[in-house]
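Database features (TrEMBL):
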type    : residues                    : note
BINDING : Cys92, Cys95, His96, Met215 : heme c binding site
DOMAIN  : 79-231                      : domain 'Cytochrome c'
Amino acid sequence: MFYSSLSVFTVILQAFLDSRATLASATLFAVGSVAWYTHLYGSLPFIGEVHANSPAEEGLHPPEYPWSHSGWLDSFDHASIRRGYQVYREVCAACHSLDRIAWRNLVGVSHTVDEVKTMAEEVEYEDGPNDQGEMFQRPGKLSDYMPPPYPNEEAARASNGGALPPDLSLIVKARHGGPNYIFALLTGYRDPPAGFEIREGMNYNPYFPGNAISMARVLFDGLVEYDDGTPATTSQMAKDVVTFLNWAAEPEHDERKKAGLKAVILFSALTAISLYVKRFKWSLIKSRKISACYLLHFLEVHL
């Protein structure tokens, strides 16, 4: 009678565990299927479209570009970062700040120490007070952050018709679509289509929310002269400055991928060791069987 009750309890327990595991698996499969379908098609059957909580979705969706650093083990193109900084300095820095990047961040990434020191010393920074309690101007140092184009937000708006140029330190991370959106925006200026009314001072760009942006087109063929002789086409300059801004948003990008590769190698080795121990060291213990007589004796002693 005891063995029969124990067997029934074991069967019920196993069925319960199996049913819960099956339910959990089915739930995960259903949720994953819905998420993947929404990712591919942007909408659910009989429900309608699902939008991300971002105003960038109101504009034309940017295409996917094959960025050289997008792979799991790919690093930034540092020559492109150097060219991109040149585009930022000669074109973008007139209106946009880069508050989170210091001169020292460029060392070993796109420029040498001497090059960065020379660039920093070309900028005058207010410091002080001195012994007389007065502020003074001094040449920039590696520890200084890149200077903003305007002294305050009001001056920036006054110089741009009321529009505030955003800081570009994290712009790649702050916009839906990331580098694809920034590249498409810089190269997407067009004449407005027939019937599309645009206010004075605005420019038509299908990738910007509302299709009208206050920033005029800034990149034109031959606008800068690269030190390495790369042709300065509009798309090339856009690609380089987007790569630079992507690095500015993720200065740890290359080191993070190196650390990730080391972690994958380490955990793979630990997994292999664990499988070996499980297969050969625990095989004797796992293959043991408890006989009915031993179980009965154990229950008689302890119950």
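For all residues, glycine too, the Cβ spot is worked out from N, Cα and C.
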In sequence order, which residues at least six apart in the same chain have a CB under 8 Å from the CB of Cys92 (heme c binding site)?
Leu168, Val218, Val241
Starting from the Cβ centroid of Cys92, Cys95, His96, Met215, which together make up the recorded heme c site, report each further residue of the same chain whose Cβ lies within 8 Å of that point, ordered by sequence.
Val91, Ala93, Ala94, Pro165, Leu168, Val218
I'd like the Cβ neighbour count for His96 (heme c binding site), meaning other Cβ atoms within 10 Å of its Cβ, all protein chains included.
20
For the domain 'Cytochrome c' (79-231), the mean pLDDT of the predicted model:
95
Nonlocal neighbours by CB distance (under 8 Å) for Met215 (heme c binding site), same chain, sequence gap 6 or more:
Cys95, Ala163, Pro165, Asn203
Validating a neighbour-count step here. Other CB atoms within 10 A of the CB of Cys95 (heme c binding site): how many?
18
Structural state of Cys92 (heme c binding site), classified by DSSP into three states:
helix
